[in-house]
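Q: According to Swiss-Prot, the topological domain 'Cytoplasmic' annotation covers 1-8, on the basis of sequence analysis. Taken from Swiss-Prot, the feature topological domain 'Lumenal' applies to 26-370, supported by sequence analysis. According to Swiss-Prot, the N-linked glycosylation site annotation covers Asn60, Asn262. Among the features that Swiss-Prot reports, 3'-phosphoadenylyl sulfate binding site is placed at 79-83, Arg184, Ser192, Arg196, Tyr239, 286-295, Lys301, with the record citing similarity to another entry. Positions annotated as disulfide bond by Swiss-Prot, on the basis of similarity to another entry: Cys97-Cys157, Cys226-Cys234. Swiss-Prot lists Glu100 with the feature active site, proton donor/acceptor. The region 'Interaction with peptide substrate' annotation in Swiss-Prot covers 102-106 and is backed by similarity to another entry.
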Amino acid sequence: MVGKLKQNLLLACLVISSVTVFYLGQHAMECHHRIEERSQPARLENPKATVRAGLDIKANKTFTYHKDMPLIFIGGVPRSGTTLMRAMLDAHPDIRCGEETRVIPRILALKQMWSRSSKEKIRLDEAGVTDEVLDSAMQAFLLEVIVKHGEPAPYLCNKDPFALKSLTYLARLFPNAKFLLMVRDGRASVHSMISRKVTIAGFDLNSYRDCLTKWNRAIETMYNQCMEVGYKKCMLVHYEQLVLHPERWMRTLLKFLHIPWNHSVLHHEEMIGKAGGVSLSKVERSTDQVIKPVNVGALSKWVGKIPPDVLQDMAVIAPMLAKLGYDPYANPPNYGKPDPKILENTRRVYKGEFQLPDFLKEKPQTEQVE
């Protein structure tokens with residue numbers, strides 16, 4: 001009896017010991033696997049990994065964002081109507097643009113600088129920082145900024161005027177993106193930046209000749225890249241025609257973007273400061289203008305302001321004027337006849353019916369565009 005009891009106790013101890021050894025062995029293996037996993041570089045399960053999931057509370061929808069989504073980029077030389085364009089798109093319930101990020105053109109310019117320097121290119125390649133690595137990092141950075149600096153929406157757009165100096169590169173990073181290149185009479189753009197003291201890197205605001213020369217160089221760079229990616233990806237939008245005939249141009253533009261028509265794009269001024277509407281910056285120079293409905297008040301303000309010697313040499317100083325369809329010697333120019341509604345809007349603007357709302361009243365800083 002005692003012998004049988006000892007035998008049972010011995011068997012029980014053996015079973016317990018076996019289970020304990022098995023458990024400890026399994027635990028050790030799990031720890032080893034976890035250590036190995038942590039030592040491996042992080043891998044994305046999906047090459048189209050979502051940067052952000054945004055929730056539209058009102059519509060009870062969740063949106064996911066990735067590099068293959070149909071992003072919209074608005075650009076051009078500053079003072080060419082880029083803010084008006086983004087405000088009109090922002091009024092659409094399915095589109096969110098938001099204020100200028102300012103960081104996007106700077107990081108793109110940095111990437112261009114690295115690419116142009118053969119010595120720097122060799123150094124980066126030797127360090128394993130290849131074009132593929134940089135492009136992947138740029139995709140993630142740009143998308144993160146575009147997505148997270150505003151509210152979620154089915155369609156996202158970015159408006160940083162000089163970002164389109166890297167238009168072909170952006171088209172490669174985001175294969176389904178569309179580009180809107182805002183074009184304006186260079187004489188009007190330059191007069192606006194000089195009279196409103198909008199400092200732009202490289203532009204001498206004391207010289208119409210210098211500013212027109214720099215305007216010509218900048219718009220030529222963006223225009224050539226727009227032509228390179230083709231009409232299916234890039235659309236030229238003449239500021240003058242947009243303000244003269246907004247409905248015609250917005251219908252054409254939304255069709256180009258494959259976004260359904262919505263009448264609210266013609267009344268962006270009614271959506272300012274509203275949820276899901278147009279968010280404006282207190283420090284951007286165009287804010288006091290886009291609070292007003294589309295009007296023709298700014299079209300010919302440059303007439304009589306440009307020095308005679310510059311006017312005489314205009315075709316040589318700014319050959320892109322003629323290429324874009326402007327008469328370099330027309331003074332004043334004839335941009336066309338506005339729609340009746342625009343004439344009414346302009347009359348109301350001149351009467352002073354539209355004033356800067358209190359929540360936007362803050363003295364603007366000196367704005368510099370790079």
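Counting starts with 1 at the first residue shown.
Placement of Cβ uses the backbone N, Cα and C atoms for every residue, glycine included.
Remember, it's a predicted structure, so these values are computed and weren't measured experimentally.
So that I understand the layout, could you describe where these features sit and how close they are to other parts?
A: As a whole-number mean, the pLDDT of the topological domain 'Lumenal' (26-370) in this prediction is 87.
Sequence-distant contacts (6 or more apart, same chain, Cβ under 8 Å) of Gln289 (3'-phosphoadenylyl sulfate binding site) comprise Thr83, Leu84, Ala298.
For the recorded site, Cys97 (disulfide bond), the DSSP three-state label reads coil. Long-range Cβ proximity for Cys97 (disulfide bond), meaning a same-chain Cβ under 8 A and a gap of 6 or more residues, is found for Ile72, Ile74, Arg86, Ala87, Leu89, Asp90, Gly150, Leu156, Cys157, Asn158, Lys159.
In this view, Cys234 (disulfide bond) is surrounded by 25 other Cβ atoms within 10 Å of its Cβ, with every protein chain counted.
Under the DSSP three-state reduction, Asn262 (N-linked glycosylation site) is assigned to coil, being neither helix nor strand.
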Q: Of Arg79, Lys292, which of the binding-site residues has the most Cβ neighbours inside 10 Å?
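A: Its Cβ has the most other Cβ atoms within 10 Å: Arg79.
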Q: Return the member of Glu100, Cys226, Cys234, Asn262 nearest to Ser192 (3'-phosphoadenylyl sulfate binding site) in space, with distance defined Cα to Cα and candidates limited to these recorded positions.
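A: Checking each of Glu100, Cys226, Cys234, Asn262 against Ser192 (3'-phosphoadenylyl sulfate binding site), the shortest Cα distance is to Glu100.
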Q: Just to confirm: which same-chain residues, 6+ apart in sequence, have a Cβ under 8 Å from the Cβ of Ser286 (3'-phosphoadenylyl sulfate binding site)?
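A: Same-chain residues close to Ser286 (3'-phosphoadenylyl sulfate binding site) (Cβ under 8 Å, separated by 6 or more) are Thr83, Leu84.
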